[in-house]
Amino acid sequence: MDRPTRPSRFDLALSGLLTVAAVAEVALTPALTPKVPAMVFEVVMAVALAFRRVRPIPVVVTVAVAGTVDTLVGVPLNQGTMVLAAPVIAVYSVCAWASTREALLASAIFLAAFAIQSWAFDAGVGNWLFGFVFVVATLIAGITIQVRTREAERLREAAVRHEAQLEMQARDAAEHERTRIARELHDVISHSVTVMVVQAGAAERVSVAGPPAPEALEAMRTIQHVGRQALGELSGLLGVLRDGDESVGLGPQPGLGALPELFERSAAAGVVVSADVAADLGRSLPVGPQLATFRIIQEALTNVRKHSAAPFARAQVCVADGILRLTVDDDGPPREQGPVAPGGGLGLRGARERAKVYGGTVDAGPTPTGGFRVSATIPVGDGR
C-alpha cells in the first residue's frame, strides 16, 4: 500500500483536536501532575499522530518514548486520555500503512514501554498483561483491516485490468469481424464485376457483326475499362485486408443453398434445426444478401448452442415485397452461466453490421416463452 507523502487534513484535524484535549485535560485534572511535563509529553504524542500515515514507525517510537518518560517523571500510570489513546492510534496506523514486520516491531516497542512503566510504578504483572492484551488486540484489528484493504485494492486493480483486456479483445474481435465482412464483400463484388466485364466484352464482339452505334460501342468499352480497374482495386484492397493472412481464400462464399449443410452441422453439435426455407429461394436473390443471411443464421445457431439449454431451434427464411425476412428462435431455458467468454455479444454485433451493409436490421431478445429469438430484415429488391 502506498503511503502518503504529507499529513492529510483529517490527520491534522485529529492531531489538533487531541492537542487541545490533552492540554485541557492536564490543566483540569488534579491527578495529572507534575503539570508541565505531563502537558509537554501529551502534546508531543498528539502532534506526532499527525504523521501517523506518513512515518508510522517514527510515530510509534515517539509515542512510546513520550509515554514512558511521562510516566518516569511522575505522572500516574495509565492516567490521561493520550496515554491510552495514542498507543492505540499509533499501532493501528502501523498495521494499516506499514508492513506486517513493522507492525510486529511497533507492538514489541509498546510492550517494552508498558513493561518499563509497570516496573517504574511497581504495578506488577497484571498491569503488564493488561498492556499486552491491549496492544495485541489493536495489532490484530489493524492487521485484519490492512489485509482486507489490500485485498479490496487488489480486486479493484484486477477488475480494471480485466475490463481493459475485455475492451481490447472486443476491439480486436470487432475489427476481425469487419475485416472478414470486407473480404467476403470483395468476393461478392468481384463476382458481379467479373460478370459485367465478360458481358460487356461479349457485347462488343457481337456488335462487330453489325453496324453498332458509336455511342453504344464506346459505352461498352468504358464498362470494360472501369470494370477491370475496379477488379484491380478490389484485389489490392484484399491484399491490405489480409495483412499476411494466406489462409483466406477467394472461393465462392456460402449462400442459401449452403443452409442444409449448416443445419446438419448444428444437429451434430447438439441443436436440431427445424427449417422453413424454400429450396429454390436462393436462385432469385443477389449473392450479397444471401451471404449475409447465411452468416446471421450461423451466428444465431451458435448463440443457441452457447447460451440455451434447448436441443431444438427453428429457422425460417422468406421473401415478400422485396424484403428478405429471417428468424431463428428456441424455447430455452437459458443455459446456466459460467465465466463470460471474451468478446461475448460480438457475434450479434457482427450480424447487425452485415445486415446494415445492405440496408437491413437485426433484432435479438428473449421470447415470452423463455427462449431467445434473432430476427433480421434485408432489402433484396426484385431479386435481380
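Heads up, the Cβ atoms here are built off N, Cα and C, so glycines get one too.
TrEMBL lists 6-139 with the feature domain 'DUF7134'.
Under the heading domain 'Histidine kinase/HSP90-like ATPase', TrEMBL lists 293-380.
For 329-348, the entry in TrEMBL reads region 'Disordered'.
Residues or ranges marked as transmembrane segment by TrEMBL: 81-98 (among others).
The transmembrane segment feature in TrEMBL is assigned to 103-121 (among others).
Sequence-distant neighbours of the transmembrane segment (127-147) (same chain, 6+ residues past either end, Cβ-Cβ under 8 Å): 1, 77-78, 87-88, 91-96, 100, 103-104, 106-107, 110-111, 114-115, 117-118, 121. If you look up TrEMBL, you'll see 127-147 (among others) marked as transmembrane segment.
With a cut-off of 8 Å between Cβ atoms, the residues of this chain six or more beyond the transmembrane segment (81-98) that come close are 1, 3, 18, 21-22, 25, 42, 45-46, 48-49, 52-53, 56-57, 59-60, 63-64, 66-67, 70-71, 75, 106-107, 110, 113, 134-135, 138-139, 141-143, 145-146, 149.
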